Amino acid sequence: MPRVKAAQAGRQSSAKRHLAEQFAVGEIITDMAKKEWKVGLPIGQGGFGCIYLADMNSSESVGSDAPCVVKVEPSDNGPLFTELKFYQRAAKPEQIQKWIRTRKLKYLGVPKYWGSGLHDKNGKSYRFMIMDRFGSDLQKIYEANAKRFSRKTVLQLSLRILDILEYIHEHEYVHGDIKASNLLLNYKNPDQVYLVDYGLAYRYCPEGVHKEYKEDPKRCHDGTIEFTSIDAHNGVAPSRRGDLEILGYCMIQWLTGHLPWEDNLKDPKYVRDSKIRYRENIASLMDKCFPEKNKPGEIAKYMETVKLLDYTEKPLYENLRDILLQGLKAIGSKDDGKLDLSVVENGGLKAKTITKKRKKEIEESKEPGVEDTEWSNTQTEEAIQTRSRTRKRVQK
């Protein structure tokens, strides 16, 4: 279900935002650092903007293997401006690389920010942002897998998402909309997952001062209704505990294919009250979602831990990771970095081998097409730097 920003729903229809017109293939745009980029074929279109393949400017055309995309919107629209603020503060390549080194991670699933600026075309001003390119989103794969992921896959995904959340939380932001459609795979490494869509990311702790808990009736039920936190249902600004609560709901849905309140999403008060009732009795939530004996105890322990967090409290991310690692151990597995996106049997927790037909469908879903609305990552930071060095030698 699409994200709903309660306080903005009415404003968006009356704001008369403008649609971005098509940019020509080969058009040159210059970012704020005076770096030139060349626009390639369009691969996506959002509500008010377009997404194109992009690469550093050269005499060559932008190939299908371009490492980046450019997201373009009319400069008087708001979503891209908001998203830019997050990326400029928290997603510079050097910031991400430093975090990876100090935390000894293999990678971090936060897209890198490569540049942004304004571009005039036919008397109109457009805002653009250069980003990594990605592959298929998890929602497509989840649906192709009969709306089930194996227990190992869910735990592996969640460990990487915890890495992401810890990073953005430490940089004063919360996401507020973790869900499968906002999780994209690295185009050439399907074992790497990235969290995208920071257009409504919230700076919960500007200059180190946490926002106070305050219920605002105008903001009730912000977010994607089936996953959004109880705080958001009550009109409270997003917080770290809210992101972790949302991840808990995602884990349950990925394992079972369904959340207890999904049959009545048109009644947000019912959804909120259901979440409150189950938060007070996590055991009943587990019984409802996992009627079989083979219940994932780590999910219950995770939910119990998250529900104890105060609004302004800093989570102990390592403790949460340990809980999920114990879950992997309980099924005879370990954190090997493999997502193993395969079909599961009859709604249970046991994985089976993916069929050739299903594998082909998933592979085809990774192909960049105009219908895709998010980014895909095909090459790394090193690839971009290699291209840059090569072109400098040619120019000499």
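Just so you know, glycine gets a Cβ as well, placed from its N, Cα and C.
Positions annotated as domain 'Protein kinase' by Swiss-Prot: 37-317.
Look at Swiss-Prot and you will find ILE43, GLY44, GLN45, GLY46, GLY47, PHE48, GLY49, CYS50, ILE51, LYS71 tagged as ATP binding site, backed by sequence analysis. All protein chains considered, the CB of ILE43 (ATP binding site) has 23 other CB atoms within 10 Å.
Look at Swiss-Prot and you will find LYS71 tagged as SUMO2 cross-link.
The feature phosphoserine is assigned by Swiss-Prot to SER342 (among others).
Annotated region 'Disordered' per Swiss-Prot: 354-396, in sequence order.
As annotated by Swiss-Prot, phosphothreonine applies to THR355 (among others).
As annotated by Swiss-Prot, compositional bias 'Basic and acidic residues' applies to 360-369.
The annotation phosphoserine is assigned in Swiss-Prot to SER376 (among others) on the grounds of a large-scale study or a structure entry.
Residues or ranges marked as phosphothreonine in Swiss-Prot (evidence: a large-scale study or a structure entry): THR378 (among others).
If you look up Swiss-Prot, you'll see 387-393 marked as region 'Required for interaction with the nucleosome', on the strength of experimental evidence.
Summarised as a single figure, the pLDDT of the region 'Required for interaction with the nucleosome' (387-393) averages 45. Looking at ILE43 (ATP binding site) and LYS71 (SUMO2 cross-link), their Cα atoms lie 10 Å from each other.
For the pair formed by ILE51 (ATP binding site) and LYS71 (SUMO2 cross-link), distance between Cα atoms is given as 5 Å, rounded to the nearest Å.
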